Amino acid sequence: MGDMANSSIEFHPKPQQQREVPHVGGFGCTLAELRSLMELRGAEALQKIQEAYGDVSGLCRRLKTSPTEGLADNTNDLEKRRQIYGQNFIPPKQPKTFLQLVWEALQDVTLIILEVAAIVSLGLSFYAPPGEESEACGNVSGGAEDEGEAEAGWIEGAAILLSVICVVLVTAFNDWSKEKQFRGLQSRIEQEQKFTVIRNGQLLQVPVAALVVGDIAQVKYGDLLPADGVLIQGNDLKIDESSLTGESDHVRKSADKDPMLLSGTHVMEGSGRMVVTAVGVNSQTGIIFTLLGAGGEEEEKKDKKGKQQDGAMESSQTKAKKQDGAVAMEMQPLKSAEGGEMEEREKKKANVPKKEKSVLQGKLTKLAVQIGKAGLVMSAITVIILVLYFVIETFVVDGRVWLAECTPVYVQYFVKFFIIGVTVLVVAVPEGLPLAVTISLAYSVKKMMKDNNLVRHLDACETMGNATAICSDKTGTLTTNRMTVVQSYLGDTHYKEIPAPSALTPKILDLLVHAISINSAYTTKILPPEKEGALPRQVGNKTECALLGFILDLKRDFQPVREQIPEDQLYKVYTFNSVRKSMSTVIRMPDGGFRLFSKGASEILLKKCTNILNSNGELRGFRPRDRDDMVKKIIEPMACDGLRTICIAYRDFSAIQEPDWDNENEVVGDLTCIAVVGIEDPVRPEVPEAIRKCQRAGITVRMVTGDNINTARAIAAKCGIIQPGEDFLCLEGKEFNRRIRNEKGEIEQERLDKVWPKLRVLARSSPTDKHTLVKGIIDSTTGEQRQVVAVTGDGTNDGPALKKADVGFAMGIAGTDVAKEASDIILTDDNFTSIVKAVMWGRNVYDSISKFLQFQLTVNVVAVIVAFTGACITQDSPLKAVQMLWVNLIMDTFASLALATEPPTESLLLRKPYGRDKPLISRTMMKNILGHAVYQLTIIFTLLFVGELFFDIDSGRNAPLHSPPSEHYTIIFNTFVMMQLFNEINARKIHGERNVFDGIFSNPIFCTIVLGTFGIQIVIVQFGGKPFSCSPLSTEQWLWCLFVGVGELVWGQVIATIPTSQLKCLKEAGHGPGKDEMTDEELAEGEEEIDHAERELRRGQILWFRGLNRIQTQMEVVSTFKRSGSFQGAVRRRSSVLSQLHDVTNLSTPTHIRVVKAFRSSLYEGLEKPESKSCIHNFMATPEFLINDYTHNIPLIDDTDVDENEERLRAPPPPPPNQNNNAIDSGIYLTTHATKSATSSAFSSRPGSPLHSMETSL
């Protein structure tokens, strides 16, 4: 210790063993000493603690804290600790400045083209050839221009430049506000993170950022450790340290062998208490974080140089593969200095379960690329036609010769043609689409927070709208999670109510009180109500709270028992987990013997009982026949009432021979049953209605629970998941596995496809069963469309299922940190109704995007045709470049804001899910787009060719190069904008509804934007002048423009009258690429194609997925870092790391190890994002939670994760009606079809079948 102290801080004298030396703040150890201590592991660390502090209690004394009482909750003391030892917080790197965002916006290819064209146009406008040369060059423009007009030629170029500046500023502001929004979301996620500490002897939940050195923290199963610490007392504690050490095996921690607990690691089993020794940048995780960021500047420069040198092809080949696959497009890699990094990722990619890209993202990607290509082709054709027309007319028809002095004049024309071509491109590309997606998602996420949905992955919000199946937990989600004991079996008597204490013998009562008080987490308590008349507060595990409440109902108290036998005197604890389904605690008796108390699921624990207490409290033999009688007469009736049954038992061991405590099967056996209690967990009153809504919306709800089959069936019936007369399956985990596995024990998809369509309840299930079910439903090919599955989970071992599902919901109250980390959405109230709201918001996002597409594509179709046709016929576009920038970039931005903020309505839940293959642009929408385009084109071409006669004004066609704005073309522009404004109102409805004004005043943003856009248009037309190529219009002309605009609403009614079913010729657009449509190679090629489109087309096209993934990109960095070794450990383990990398393909669970150098640059790049981790414990918010880090302890039953695109055989016809004794018999059996559709059209009527679901046809 002295060596380390001297090497770390030279001015400190070498401390003597166990001798306190006063340090800064009066504490007995320095920050450097604690940092040095936390670098050690195992026996080395124990020796250091003994040499320097004597033991852990000595360390606590040095830190002026009590191992049992914790810190005094004194503000001054806490602040002093933060000043000396640091805060549990890593300062984030400053977000990009507004100027940096402006510079990014300027990198857009289309804008650069416009800038160049504008500058060239500006330069040439100042060149005027002599008069005689001008005559020799010819007046190919169709008219002469006077001197004043020629002098004003610079205005067009300047106006385009000004418009580009406006667009850049708007884009930069949008990016800035978006980043600000994401920072707010990140801040919200941070605030949700709390940890349990002891202060003043009281258990408190404090934000992780409020932890200080010296805090006594409670550690329990499922926690993500927020700081470094030393274990004071632990019960069967196992930690997953793979995020720091790369070791995939769980590490057993104990106060006498390895007490070192590190931040960022997961508690996979057990519980305990630790003293916090390092926080923030001084913790092991924080040290690595800081070191990785330190060299970021240099690495960033290297990256920039590398990016300049790399070609587009090379950069596209080094795409980083997102490991949860939930993003639409593969993002650019966060480059590392190590070439092997990429290869290692590629090797691992096949082993990591991937979610498919989100439905909307996949469709938008395809649509954006298609539109972009069409725009490029149209603009190229336009330029070619204009140039050929000019060349043929000038040099062939007029027979002129190219004179050197005429070159600037001709170039001026070519520049004009080029600008027109760029205008067509600008018009074709839906610039507002990415913004509409971002706004819609951001708006929905913000509103969903109020509906108790904390969205961690933005795309999950939209994916939820397509959900076809929800696999829900029971406890706390469908039920209130306020449990109470309502029935019990004690002393050979079945009590339907709480028995009077006098009815029980003292021995039974004492044993019961001790068994419950001691064999429960000491952090679980019943506290007095906060308000008079309210219910007592339940703190901790709800099942244990119910048992403690049972003691209080028997007029006894658990607290004196716990004070008599404190937690640190417990001899051995077998903590609860999903495999054991029980908890056991061993205490030493006064005579030197031992007593074991055990509680757990009644069917499991009763099998281990060989005795039972009779009415006198005496032991009586408990034979298998007795157990069967008890199951039939006691447990099944309780379960049929919807009660959870818990058995409480004990066993005594003599002092003569101490058993082998590690042999759990031997120890927890030969038990004596004290009692069986029935615990009621009432169904939430709002849940049955929520499930009815789901069923109406075409979503099948399945309950997956660890409870008894009878309990689960009773609760499912109360919730409405199963109904009388419906053919369904209720299976236990064992029966489920028997049905889906072959003789070799392997899962067969065909077998699974026979089970899941009818399955409604899966009882006595393990987390592995849940993962198998979710994977089986997702991989199934029995239907026309791939199922979109949502799953709820709260336990550490639910991680695989949460990650595998399309949308994973974690419980905000009861959920572990690991479950939250693996999820997409956190239910802050643990309520199923919040999931229904998420469905509604998801569908609303989909509709909002479709509304905007309907509006945007109408604008695009009309503008492209007008610009293309007008340019080819009149050699000039009726809609000028500046006007197009206004319409397409600014006005559409407002439209995206207006249409993307429409609030959801209950009617969204009255239709079936869209499904993965349902196009973004339905036939009804295509009818609307083309119908309105026909109206608008008819009006515009009429105005273009005969408008001057109708209004008795000069024609604007074939005007000279720099002629002043004409009233003719201004009327065309104004009419075009008015039609778009009123069509924006039409676009609010996309399913053929007639009342387009329905609910319009419930969206003030929409009303404000429509009126605001109208006001700006008035200003542009009346005062825009030459910059906007506008001439002021008279009142009469304005009224005509408005009249034509209002005609859009009337025309919309005409279009709504035409039945879509009659228009067979209409095609749909924006289909999502199906999972079975493409091979892996084709998918890879598609990604390459998208990457090229990224470079060729306007940045706006890919802004939508950049917005969706902005948080995920940063989280990827944290995930990469999590799989790294500590800075010191990385050096020590370098050789073992390399050997493991060679063997990685041979491991069923790859060990994720990274050398620090490999991601200095990537981590630093992530840190400059505004949503960078402001606290190192934001791992809860990390989207990249790798199942592989712990999957080996939850063995996956098959290995089909490797290839998700593998062709699967169609399932044979469904089996005959269920004969399993776990199923409820039904007089009416509904036929399950081999192919199903997620849309309502798939359901045909069948007499005598009053019920329906996604798996049954009516």
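The backbone N, Cα and C atoms fix where each Cβ goes, and this holds for glycine too.
Same-chain residues at least 6 positions away in sequence with a Cβ under 8 Å from that of Asp473 (active site, 4-aspartylphosphate intermediate) are, in sequence order, Met703, Val704, Thr705, Thr792, Gly793, Asp794, Met811. Here Swiss-Prot flags Asp473 as active site, 4-aspartylphosphate intermediate.
Feature annotation from Swiss-Prot assigns compositional bias 'Polar residues' to 1-19.
Per Swiss-Prot, compositional bias 'Basic and acidic residues' is recorded for 299-308 (among others).
Per Swiss-Prot, compositional bias 'Basic and acidic residues' is recorded for 342-354 (among others).
Residues or ranges marked as compositional bias 'Low complexity' by Swiss-Prot: 1231-1245.
Sequence annotations record features per position, and here Swiss-Prot assigns phosphoserine to Ser8 (among others) based on a large-scale study or a structure entry.
Taken from Swiss-Prot, the feature phosphothreonine covers Thr1079 (among others), and the record attributes it to a large-scale study or a structure entry.
Swiss-Prot lists Thr1113 (among others) with the feature phosphothreonine.
Annotated phosphoserine per Swiss-Prot: Ser1126 (among others), in sequence order.
Per Swiss-Prot, the feature region 'Calmodulin-binding subdomain A' maps to 1097-1114; the stated evidence is similarity to another entry. The average per-residue pLDDT of the prediction over the region 'Calmodulin-binding subdomain A' (1097-1114) is 41, rounded to a whole number.
Annotation comment: Swiss-Prot describes 1-97 (among others) as topological domain 'Cytoplasmic', evidence class sequence analysis.
Among the features that Swiss-Prot reports, topological domain 'Extracellular' is placed at 119-155 (among others).
Per Swiss-Prot, the feature topological domain 'Cytoplasmic' maps to 177-364 (among others); the stated evidence is sequence analysis.
Taken from Swiss-Prot, the feature topological domain 'Extracellular' applies to 385-417 (among others).
Feature annotation from Swiss-Prot assigns topological domain 'Cytoplasmic' to 436-849 (among others); the stated evidence is sequence analysis.
The topological domain 'Extracellular' annotation in Swiss-Prot covers 870-879 (among others).
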### Query
Are there three or more C-beta pairs under 8 angstroms joining the transmembrane segment (365-384) and the transmembrane segment (156-176), sequence spacing 6 or more?
no
### Task
Using a Cβ-Cβ cut-off of under 8 Å, list the residues of the same chain that are 6+ residues beyond the ends of the topological domain 'Cytoplasmic' (984-1002) and lie near it.
847, 850-852, 854-855, 858, 895, 898-899, 902-903, 905, 922, 924-925, 928, 932, 1010, 1048-1049, 1052-1053, 1056, 1060
#### Entry: Annotated stretches the transmembrane segment (880-900) and the transmembrane segment (962-983) touching (3 or more Cβ pairs under 8 Å)
yes
### Summary
Across 365-384, 850-869, 962-983, 1035-1056, the most C-beta pairs under 8 Å with the transmembrane segment (1003-1024) come from 962-983
### Summary
Per DSSP (three-state), Asp473 (active site, 4-aspartylphosphate intermediate) is coil
### Query
DSSP helix, strand and coil counts for the topological domain 'Cytoplasmic' (984-1002)?
6 helix, 0 strand, 13 coil
#### Entry: Number of helical, extended and coil residues in the topological domain 'Extracellular' (1025-1034), per DSSP
3 helix, 0 strand, 7 coil
